[in-house]
Amino acid sequence: MNAWEVNFDGLVGLTHHYAGLSFGNEASTSHRFQVSNPRLAAKQGLLKMKALADLGFPQAVIPPHERPFIPVLRQLGFSGSDEQVLEKVARQAPHWLSSVSSASPMWVANAATVAPSADTLDGKVHLTVANLNNKFHRSLEAPVTESLLKAIFNEEKKFAIHSALPQVALLGDEGAANHNRLGGHYGEPGIQLFVYGREEGNVSRPSRYPARQTREASEAVARLNQVNPQQVIFAQQNPDVIDQGVFHNDVIAVSNRQVLFCHQQAFARQAQLLANLRSRVNGFMAIEVPATQVSVSDAVSTYLFNSQLLSRDDGSMMLVLPQECREHAGVWGYLNELLAADNPIRELKVFDLRESMANGGGPACLRLRVVLTEEERRAVNPAVMMNDTLFNALNDWVERYYRDRLTAADLADPLLLREGREALDVLSQLLNLGSVYPFQREGGGNG
């Protein structure tokens, strides 16, 4: 059956700031306390979405979350009106204010893990929301992510949305950032590669930085998504590269159809894994980048592998990269050698995503891949699909509501909270989402 990969990109939120909240993510921690530009960040993301849509790649948008997230501050013991809560937390515990104001939901590669209908036992598209429990600021995302996904994939006959796994370390799940699908045409059954960093009883794990994904979580997600057990492989990420800042697998590997583009040190027992894939995926091709050409450190600093590998109609592929790759002589030299070599990658497309990159999120972090048949695509909420009209409407919306300068101190401004709620009210109408945000359901209005 014909099917297409649709990229659902996260729209950067109004409180995008640099707080260094993500231990193990070296870009995040190294840019701590810099001044951010939320308006520019959102527009950079929108330009990528629109450019890819114009090239014929189906593209959609997932909206930001409500931030600062007052309900969690109340759970932490701060009381009074919303404005009083903000004032108290800013004075008594400003680190909590930064956490509940994080714009991290924009990295929707961590929103959920997706199983296309060709791979599932019941023939539905399944999405399991990620619990993201390794980081406090990200663990807050799951309930609203679930509401948003249900508003976008709202046809229950076609889509099954599963709640996040229990919020315990044993079941740490980071979503599609640790998941790859390999195979032939998108509409054919594929092999799902779940990548984990640790498992109970296995001493092989990183020592410097945390392994956020567990094998136990990956196995549970595969069950929830009803993936045919014959189409699943579980593989461990190399603990040594996690300790070098590879906090998700999509920082060291990316797949598309029959191609796996990865660093030669990406996986534990890599030769064994590639042999397994070769035996199970017709025409499988591994493009392994040697450490002698690109070090793990350079891969992390340029986000070479946090790229999008997209199929064109003629069967060739395009690699979507952040500008940092072009600015690194060694990485750019390797990429031009790659273009000249015998493989399906025929084009490099470079985007300026500096605002997201400085917080540790490249092109692949910003998108959730969902393979859909034509019938399934028609069942998606049409208001989120990128086109000229939506692009212009979202740009105008960003221009109206987003600040062009934000520091950690600005997060205590009650006006920022009101601006954000008004903006999300307007956006949820624009995208035909209904009342997906807690402040809407509580009748909080714009106050």
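Keep in mind that glycine also has a Cβ here, set from the backbone N, Cα and C atoms.
Fair warning: this is a prediction, and the values are worked out from it, not measured in the lab.
Marked as active site by Swiss-Prot on the basis of sequence analysis: E174 (among others). Spatially close to E174 (active site) yet at least six residues away along the chain are N110, A130, L132, N134, R212, Q213, H248, judged by Cβ distances under 8 angstroms.
H248 (active site) carries neither a helix nor a strand DSSP state and counts as coil. Positions annotated as active site by Swiss-Prot, on the basis of sequence analysis: H248 (among others).
What Swiss-Prot lists as active site, nucleophile is C365, and the listing cites sequence analysis. Secondary structure at C365 (active site, nucleophile), taken from DSSP and collapsed to helix, strand or coil, is coil. Note on C365 (active site, nucleophile): other Cβ atoms within 10 Å of its Cβ, all shown chains, come to 25.
DSSP classifies A19 (substrate binding site) as coil under the three-state reduction. Within 10 Å of the C-beta of A19 (substrate binding site) there are 26 other C-beta atoms, taking all protein chains into account. According to Swiss-Prot, the substrate binding site annotation covers 19-28, N110, 137-138, R212, D250, N359, on the basis of sequence analysis.
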Just checking, which of R138, H248 (recorded positions) has the fewest C-beta atoms within 10 Å of its C-beta?
R138
Rounded to the nearest Å, what's the C-alpha distance separating A19 (substrate binding site) and C365 (active site, nucleophile)? Just drop the number here, would you?
18
Only counting partners 6 or more residues apart, tell me which same-chain residues put their Cβ under 8 Å from the Cβ of D250 (substrate binding site).
A109, A176, A177, N178, F305, N306, A364, C365
Near the Cβ of N110 (substrate binding site), how many other Cβ atoms are there if near means within 10 Å?
29
